[in-house]
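Novice: Sharing the feature lines straight out of TrEMBL:
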- A:42-53: compositional bias 'Polar residues' (COMPBIAS)
- A:124-181: domain 'CTLH' (DOMAIN)
- A:1-73: region 'Disordered' (REGION)
- A:471-501: region 'Disordered' (REGION)
- A:642-682: region 'Disordered' (REGION)
- A:306-339: repeat 'WD' (REPEAT)
- A:397-429: repeat 'WD' (REPEAT)
- A:578-604: repeat 'WD' (REPEAT)
- A:613-639: repeat 'WD' (REPEAT)
Amino acid sequence: MRLTDADGFQEPSSYDSGPEAGPSSFGLDGVVGRPMGITNGHGASTNGYSNGTSGPGCGPHQPSHTRKASSSSIARVNLPGTTLYDDTFVDREEFVRLVIQSLRDVGYIESAATLEAESGYTMETSEVSKFRQYVLDGAWEQAETMLVRLGVSDEEGLWEVRFLISQQKYLELLEEENTTAALHVLRNEIAPLDVDPDQLHSLSSLMMCTDVADLRQRAGWDGVSGSSRRRLLSHLQQYIPSSLMIPPRRLSTLLGHSLQYQRANCLYHNAPLSLTSPNPKSSFTLYADHQCDKDKCFPRVTTTILEGHVDEVWAIEWSHCGRRLASAGSDRCAVIWRIGPETDSSIRTYSAEHVLRDHTFPVGYLAWSLDDSVLLTASEHTIKMWNTKTGMHIRALDAHNDTVTSLAWLPDGSGFISGGLDRKIILWDADGKQRDTWGTTSIRVTDLAITPDFTRVVAVGMHYLASLPSSGGNGRGESVTPPTGGGGAHPHNATNGSTGSENRMIIYDLATKQTEASIRLDGELTSVKISYDSQFALINQAPDEIHLWDLSTGRIARKFTGQRQGRHVIRSCFGGIDGNFIVSGSEDGNVYVWHRDTGTLLEVLTGHGAGSVNSVTWNPMNERMFASCSDDNTIRIWEAPEVQEPILTSEQDLEETAGKGKGKSRERWDGEGGSNPRPAPL
Amino acid sequence: MGMRYRQYLHGARIYGCSQCKTHLATIHSMISRAFNGQHGRAYLFEVVVNVIEGEPADRQMTTGNHTVRDIYCVKCGTTLGWKYDRAYEPSQKYKEGKFILERNLLVDVQ
């Protein structure tokens, strides 16, 4: 509000309107801004500052003339124009009022007053301050009257605010155990508003509450002494023009938007950046635009190559603790690798802790139990359970009669689900007892995943078309019946393949096993992963595409292209601190990384030998490490090239000489001259 | 070579490997039943899936000289028949690129 000239700041009579502005912060947590009713030195005023922090010079007993004396010496600065700078869109009045609000919020009361005096802008009018105080004091009638004066005029808005106020009144009376008065409010104020009968019923049922605690619990309301009036205020404020009553912590909100924007534009973002809580590691500063240094944050160099498999490595999975890595493939072995705790990759030790043999066929899938004590392997139609501590075989599960293609533990660790090309989906207990089954589904499952929120199973596979008796037109032009499912992989089948080949993503409700959605997709589907927030499914779709599906809408949210996938089972995953990277293997032997929200291809990482990179897995405990596995029989560990903690530098130098003796060396990075990374022996 | 799932066929009648039931061919893809293999009657198919092809070799057959490859089940490795790479007799050219499966090594599967 710009004061008119008549409100000249030197005039003590009109001066009151400025400093009377009340608290601009009323955090819902109730920590900030308790209604302390501190007068600001103006004897008659009861609605002074209530920031909860009485800054120096504004205590209740401060002589009133102190403030007046200091403020009246401030000369009003008259500036041309209305914007903050000549060439910006930012309105100066808006900006200054937000600054005043922030100053008051943190307790710089004098500075705020000075700024008001110097700029001639006030944070808000005395009416707004009064309204706030009426609500906080429970002066409902005055509050309602004031709302009209503050511009709440449309029918709907008035109805809403009346209801909100009456509801609060009603609850407060119940809290006082003044049932008669509460009933009066219910009958004479709330009921005439024609509220939804259910809502009215639930309100009236609160009459039956046994005590105050019961009332608060059932109403989801924390009483007069809690934050309920502040909550009400924030609800009511939505009906008042924001130019009159600035939304709480407005400047901070705007800076938060700026942070979000910067983070969204940081393609290599992989550093902690908290919006809501103080984080000592947060790299966000107001002084400069945020940008992650891709050399420091992003794992793009191979620091170790794990050798030991004697044939193609097809599957790879980190344990939940991030210290162990399981790998498996066509050599019919699964290997549990232990990764040393050293943060410096040059001295870190790797060992093949257990080699899980006894598979009759190649191993295509791995799944760690929630506590990492059990590893599941899938080899053709058999699931095997292994003790990861001893490496001993626990038992084999033989309920599938065709290849088991996927294994997923329940989010609570109480069991797991298996899916197979026999169209079965089976739910097992953690000890391997069959608990439930989906029966025979409509697809030969090629992969499945459970959403972390425990609500859905997303399965992909080849749609099963029941064999039709040769009727009518079936024979027409079909001297050759194309293979279904994987048919897309064969160019010479493509002519007829379109009719027979059908692939689907099916979203099941986990609790009821009902199909929520069944979506036909073109091309072979080989991998499905779910985002951390359970909203998206990441699906590899031959040829050459990866799609991000929004599970709630059943639509494609993003496509990622660049990698090669035609004939093979290629898997992808989410990665990075916010799950904002998409990583995938590829038949061209490279690892591909995209920025999830923009779809930008960030990196094509070379290093693996001939053949496909079959799978990738991001370390769940280290956002700067992932692993990939390949037809070249090896596993590569990818990390950011620089050690993060500068403290380590001196140790690092010391270890460097010692490290060489142990056969661990820093030249494990590829792409730097001819130095070959040394394989860790099996 | 990378990881691959076996292919699955659909149709009125599906022939699979008698050892491991892996899908191999459908009746729609059958060209002729009038062939003989090492184990008796054999069928000629336009398309066969889930087989590994061996090295080419020239064989003298009742209908003349042919270049053929043995074919094996991709899962269990059983020899199932052969594939014609080349027929030297012009009248036999129609067999090129086609597959022979021995009837006694097949079972009906779904």
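Just so you know, glycine gets a Cβ as well, placed from its N, Cα and C.
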Novice: Counting each residue once, how many in the repeat 'WD' (A:578-604) are helix, strand and coil under DSSP?
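Specialist: Per DSSP, the residues of the repeat 'WD' (A:578-604) fall into 0 helix, 13 strand, 14 coil.
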Novice: Looking at the repeat 'WD' (A:397-429) alone, can you tell me the average pLDDT?
Specialist: 96
Novice: With DSSP helix as H/G/I and strand as E/B, how many residues of the repeat 'WD' (A:613-639) fall in helix, strand and coil?
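Specialist: The composition, in the requested order, is 0 helix, 17 strand, 10 coil.
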Novice: With Cβ-Cβ distances below 8 Å as the criterion, list the same-chain residues six or more beyond the ends of the repeat 'WD' (A:613-639) that contact it, or say none.
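Specialist: Beyond its ends, the repeat 'WD' (A:613-639) has Cβ neighbours at 270, 297-307, 309-318, 320-323, 325, 327, 329, 331, 337, 339, 345, 350, 568-577, 581, 583-586, 589-591, 605, 607, 679.
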